[in-house]
């Protein structure tokens, strides 16, 4: 069968034809990829073929070159480069020849060119491509289609390739793009393709922005494009301004007054949503930049140096113009608004919040008149906008300035919780939630707390969108009430607090809310469970009877849920069922933490039975397994040594968790649980250690185990050693060799994620060494001789700490662990340590840094280690 016919059948309505065509194409790609792609490129390049065939051919060429997964993409690119150079040359010729010949948009050829370019340019191949593309755009004889598809190709290349690969070509690329963007260009399609290409190229044109004359020209062309009658070009040009503001803030002063301010403020007022959104986004970005600069300025001041970059305070200067437009935009809400639709009204709310955080007290006088004028407006849109504006400015200004305003507004807000408009009630509930979170002392006052609680309790019965915000308000209120309560010096928790009298009713109402049939809407069910967790966690002693009742309700629900499991049919039911199991597990954790030890012993059999059943039934769902492991972990915490009786029954499921490489969160939870078991069971963990140590060591050596699990495993070795003391000797050699290997890991320092990982790995190593030394040393006055087994490694351990001290990327918590380990080495090995430390002056610098830390733990450990070293010095 002819290739063209098969390609046309890839869109056939007949399922059999479609599947046969796909199967043929897949087979052809496997049998002989080079020949297959050459044939496809001929189909693509031939204008006589149908549009369907050409587009399908383009997809078949492009798809084996690109993937969203960077690892797969790299494999694809290697596979392409392995194709014989002459075949690749032929394909590239046909693909380039296609540019400008397609009568459809977007161009398939431009995507193919970009796919090949990203594979070849990175290995210094296809040097003639960029000059060829530039010529296509700048040649006066080029057609509109040629220029448009070529600029699309340039845009795709800029979007997908590592910017460093194109820096040396930035002048040529920019020449082509600016040529296509100029107002003299007759075709708006060409201008659009060029403007989109510029957006993708901004990262690597820094050298051009650094030169004043080039920068002026780029800015002129972009500003002119924002005035294009074609909305698509206008939006793309504004997107460029938004991004330029982030990347090149320091250069914008010249353009802000004469151009950018007027362009963006006009855009904000535009009737067309896409245009208005970009105008608002521009000012949101200004706020983001200026907040970063404020942080930089305060850090520089702390260190007594001038900041590298300074803020020009554009946001503060523009407040009087921006706020009226934003508050007016807040009145354009859609009554049946879907949460997922991003529109100017939502963007205006976010921009107001950012302005409040950025400009602090200065925003209040600009927003307050609007709130006062409209909070009782007969038009619901204005009432809603006023409440929204109020909620938006609660974070940023000083609380002393906001608190009197909030207290004054409280009766009105309580009244608005009963507003006829659901939109107003929703926004009011959100605003009350923000007050509870950000200015709780205004909510927890003698005058308004009772009516506020009453209206919130009633609000739990409202529409899901309102009730969901009410749940969030309860979460914040519970935490604030607990923190505001008086606690006797010798007590951990308050005997009573301001929610005590309503506690039982609130809990009862929240439990009812979790059971609402419409609980899946607006995330209501999980919001209600989270509120329940917060309120139980933050309860006073006199609320304990209600906590006991809640515990029984949650246990009963868990049992009910497990009974329904066998009747589940559909996938959507299964998802809801798993979510419910996870929520119940999380709630169970919270109530267990509050339950007194005696009560915990009475219910632990039933709890454990439910959790074991859950492990049996949820082998397929990692999320639920993780939550169930966390619940077991809490039970271990509450029961302590009494958990031993469940170990035999639980061990198989712990093993499954430790072996779950595919879902690393489950594996992480299982590893963490091993540490909890060691702390709770102490030496009673011994009979289970051989097996657990075997799995942990296997995981460390296994390529398929996610890297984030490995630092935790190292740390758990320390927990095992602390629990079993001298019995750890049998694992000592293999563990010390593993630690020696792990502590020598190197990473790419330009990759922040890897730098974080390296710090975690080092912390894990130090925690392991600490646990081993403390475990073997014993906690008696006299050091147990077993610890001398570590003596040969002491020099290596100190060199490791010295190496960390010299690495400027070390974190505060690594300093804390390192200091603790130095102190332990001193107490275990005495004067030998002193000589080794003296030979490594960086260690003293590390301890000095620790003593100056803002974190108490780090300060305490560093001071202790310094004292231990001083003791040894005095003895010597």
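Cβ from N, Cα, C; glycine included.
Predicted, not measured: the structure shown is a model, and the values here were computed from it.
Some features that Swiss-Prot has for this protein:
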REPEAT    2-31  repeat 'HEAT 1'
DOMAIN    21-101  domain 'Importin N-terminal'
REPEAT    33-65  repeat 'HEAT 2'
REPEAT    85-123  repeat 'HEAT 3'
REPEAT    129-160  repeat 'HEAT 4'
REPEAT    212-247  repeat 'HEAT 6'
REPEAT    253-302  repeat 'HEAT 7'
REGION    329-342  region 'IAB-binding'
REGION    334-419  region 'Ran-GTP binding'
REPEAT    449-485  repeat 'HEAT 11'
REPEAT    544-592  repeat 'HEAT 13'
REPEAT    686-724  repeat 'HEAT 16'
REPEAT    732-776  repeat 'HEAT 17'
REPEAT    786-829  repeat 'HEAT 18'
REPEAT    831-873  repeat 'HEAT 19'
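Taking DSSP states H, G and I as helix and E and B as strand, the repeat 'HEAT 6' (212-247) has 31 helix, 0 strand, 5 coil. The average pLDDT computed for the repeat 'HEAT 1' (2-31) is 90.
Long-range contacts of the repeat 'HEAT 4' (129-160) within the same chain, counting only residues at least 6 positions beyond its ends with a Cβ under 8 Å from a Cβ of the stretch, are 66, 92, 96, 99-103, 105-107, 109-111, 113-114, 117-118, 120-121, 166, 169, 172-173, 175-177, 179-180, 186-187, 189-190, 193-194, 196-197, 199-201, 204. Across the range of the repeat 'HEAT 2' (33-65), the DSSP-based residue counts are 28 helix, 0 strand, 5 coil. Note on the repeat 'HEAT 16' (686-724): residues 647, 651, 654-655, 658-659, 661, 664, 667-668, 671-672, 674-675, 677-679, 731, 734-735, 738-739, 742, 757, 760-761, 763-765, 767-772, 774-776 of its chain, located 6 or more positions outside it, place their CB under 8 angstroms from a CB of the stretch. With DSSP states grouped into helix (H, G, I), strand (E, B) and coil, the repeat 'HEAT 3' (85-123) comes out at 30 helix, 0 strand, 9 coil. Panel annotation: around the repeat 'HEAT 11' (449-485), residues 410-411, 414, 417-418, 422, 425-426, 429-430, 432-433, 436-437, 440-441, 443, 494, 496-499, 502, 505-506, 509-510, 512-513, 516, 518-519, 521-524, 527-528, 530-531, 534-535, 537-540 of the same chain, lying at least six beyond its termini, place a Cβ under 8 Å from a Cβ of the stretch. If one looks beyond the repeat 'HEAT 3' (85-123) by at least 6 residues along the same chain, the residues whose Cβ comes under 8 Å of a Cβ in the stretch are 34-35, 37-38, 41-42, 44-45, 47, 51, 54-55, 57-59, 61-62, 65-66, 76-77, 129, 132-133, 136, 142-143, 145-150, 152-153, 156-157, 159-162, 165-166, 189.
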